[in-house]
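Visitor: Shown below is the structure under consideration.
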């Protein structure tokens, strides 16, 4: 399993915990152990640039996901095939503001955004109410199990 974190944000983040969480999610969703994931931590100007390039929307956002091999969650009988899951870009500065507004630690917000990004890479979405219920329910379940406590509430921009 190749999970890389590249911190270009200038903010100190517990990168090891992001990797541990990602491995946990891979195991729980039966993602192939050799699947690859890249997590890029960027500052607000870099995130705004990515947001414009990828979504044609101005302003920095919290997390962006760029899927590669269209992998989906597997099962115990049929794990996800080996491949490149994709890239997640997270802006710790935006995460810090969202965490403060929600009343939980910034690192919990970083874990929430990492989980959210991975689920997007696996094909989950929240454009429709039913999709949102499924995605956010799984997100809370995974994060609660990982943290051993209630997951932080979503802080959508």
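Cβ coordinates come from backbone N, Cα and C, glycine included.
The structure displayed is predicted, hence computed values, not measured ones.
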Visitor: Could you look at 104, 126 and say which one Swiss-Prot places alongside 116, 120 in the Zn(2+) site?
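Guide: When Swiss-Prot describes the Zn(2+) site, the candidate it includes is 126.
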Visitor: Give the sequence-ordered set of same-chain residues, not counting 116, 120, 126, with Cβ within 8 Å of the centre of the Cβ atoms defining the Zn(2+) site.
Guide: 63, 65, 117, 119, 124, 125, 135, 139
Visitor: Can you check which residue among the binding-site residues 116, 120, 126 has the largest number of Cβ atoms within 10 Å of its own?
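Guide: It comes out as 116.
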